[in-house]
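This report refers to the structure that appears directly beneath it.
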Amino acid sequence: MSSKRGVSSSIKSAAASIVDDKKDSKLKGMSGDCSEDVLIEESCWKVQSVEFQSIKEDPAKIEAMTVQELRATLRKFGVPAKGRKGDLVFALKHFMGKQIDGESSQELEERVSFNSLENISLQKNTKRTSDESSVVSINTVSEVSGFKQSKRRMKQSYVEDEIVKVDTEIVTSKRKLSIKTDDLVTLPQAEPWTVLSHKKPQKGWIPYNPRTMRPAPLTDGNSVKLMSWNVNGLRALLKFEGFSALELAQRENFDVLCLQETKLQEKDVDSIKQCLIDGYENSFWTCSNAKLGYSGTAIVSRIKPLSVCYGLGIPDHDCEGRVVTAEFDSFYLVNTYVPNAGDGLKRLSYRITQWDPSLSNYMKELEKSKPVILTGDLNCAHQEIDIYNPAGNKRSAGFTEEERQSFGSSFLSKGLVDTFRKQHPNVVGYTYWGYRHGGRKANKGWRLDYFLVSESIADNVHDSYIVPDVNGSDHCPIGLVLKV
């Protein structure tokens with residue numbers, strides 16, 4: 001083992017050598033490298049655009065792809081590519097559907113270009129790594145000396161001879177390649193929701209674990225179990241090879257299931273009804289007329305409701321199939337898919353000045369005769385505890401100050417109770433995870449799905465819960481057990 005002075009001297013020599021090498025490299029490649037990167041990036045984008053168009057024109061190609069082809073295609077588009085063939089087929093179909101349903105070409109280009117740049121960067125780093133000796137991820141002498149170990153971590157790598165550590169930079173001999181990441185690299189959790197995942201957790205916050213936090217089932221039978229799920233395309237969900245709706249019904253034994261974002265057209269409803277689970281003969285569907293294959297809600301029940309109503313009774317709000325109301329003996333159940341503020345917050349004004357007040361007034365009118373339960377994708381993470389990265393989403397649809405204030409003033413201040421937050425005041429539990437960047441595997445999500453109930457029945461809630469292990473959509477189901 002060499003002395004500290006010897007180590008320091010070696011480091012300085014290595015760093016100086018790197019600086020010289022970088023200067024030479026910059027002089028030699030000043031004009032060539034940048035243009036080459038741009039050409040490669042443009043070429044990748046053109047190839048992937050052609051591939052996207054080819055699949056779009058003939059979706060049957062997806063089913064015919066091998067597992068290797070599916071994974072390669074998904075990676076090109078920046079989509080996670082893990083799981084069985086069925087999972088990969090579903091992921092690619094869902095991605096294509098998202099693009100066709102309205103994701104802009106600019107977003108697609110950014111997704112693909114980012115993925116291409118990652119590949120280019122990795123290839124260039126590999127070329128620059130020597131078999132005999134290499135210095136990995138040292139940009140400048142000042143970066144080497146200024147790095148803080150607490151802010152960066154790296155994968156540990158085995159070396160044949162000697163490793164000299166300078167903060168988190170490693171000088172190795174007889175090493176092929178070492179890769180550094182900005183985030184801690186960990187093995188995926190089998191149940192990631194059981195690990196607290198939040199950018200700015202507060203003292204006392206804990207992760208939601210349904211295994212330990214759900215109360216024992218009621219035994220007297222005087223209760224009703226309601227569930228809600230944004231399925232993000234019902235036809236795709238019915239083809240999903242993972243956990244099925246039938247298994248969900250068998251496991252949860254729910255009485256009523258509310259669905260949002262079915263994306264059905266009216267002509268599809270009869271055929272979908274044929275796929276319903278035995279015992280749930282009562283189903284009520286509303287579809288979007290303004291834009292086909294968009295939005296859509298439904299209530300599926302084994303209890304026959306006293307009456308059913310569609311929409312809010314306001315034509316400007318009712319053309320997108322966003323509300324179904326079922327009246328039962330002791331309450332009204334309002335299943336809602338609240339409009340998203342949209343890209344660029346283009347529907348924010350409509351959301352907070354028209355939709356929320358109209359829905360609030362509708363709820364108060366129903367409450368004149370009996371208590372109300374409002375459920376569905378309400379498209380708002382109300383508090384900072386309800387979103388993984390609050391600071392980074394201040395102007396993101398679903399977490400703007402305007403939407404959060406409207407959520408409070410239109411619903412909570414009008415006597416509705418957030419049942420999950422009442423039962424779990426300091427629990428971090430999410431119901432939505434974006435497909436990009438593996439949000440679900442890392443539990444970087446949002447709580448957008450709710451059961452809000454009238455104050456008069458809030459104390460009758462036995463359990464308000466999340467079912468985070470059910471896949472098939474970017475949302476997971478939520479449930480409510482109510483004593484009646």
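Even glycines carry a Cβ here, placed using N, Cα and C.
Record features (TrEMBL):
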type	residues	note
BINDING	Asn230, Glu261, Asp377, Asn379, Asp474, His475	Mg(2+) binding site
ACT_SITE	Tyr337	active site
ACT_SITE	Asp377	active site, proton donor/acceptor
SITE	Asn379	site 'Transition state stabilizer'
SITE	Asp449	site 'Important for catalytic activity'
SITE	His475	site 'Interaction with DNA substrate'
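Tyr337 (active site) sits 8 Å from Asn230 (Mg(2+) binding site), taking the Cα positions as reference. Here the CA atom of Asp449 (site 'Important for catalytic activity') lies 12 Å from the CA atom of Asp474 (Mg(2+) binding site). Other Cβ atoms within 10 Å of the Cβ of Asn379 (Mg(2+) binding site) number 24 in total over all chains. Each of the recorded positions Glu261, Asp377, Asp449, Asp474 was scored by how many other Cβ atoms lie within 10 Å of its Cβ, and the smallest score goes to Asp474. Annotated Mg(2+) site Asn230, Glu261, Asp377, Asn379, Asp474, His475; additional same-chain residues within 8 Å of its Cβ mean position, judged by their own Cβ, are Asn232, Gln260, Tyr337, Tyr432, Leu448, Asp449, Ser473. Taking the Cα atom of each, Asp377 (Mg(2+) binding site) and Asp449 (site 'Important for catalytic activity') are about 4 angstrom apart. Neighbours of Tyr337 (active site), defined as other CB atoms within 10 A of its CB across all chains, total 25. For the pair formed by His475 (Mg(2+) binding site) and Asp449 (site 'Important for catalytic activity'), distance between Cα atoms is given as 8 Å, rounded to the nearest Å.
Counting in whole angstrom, Glu261 (Mg(2+) binding site) lies 12 from Asp449 (site 'Important for catalytic activity') by their C-alpha atoms. Between the alpha carbons (Cα) of Asp449 (site 'Important for catalytic activity') and Asn230 (Mg(2+) binding site) lies a span of roughly 8 Å.
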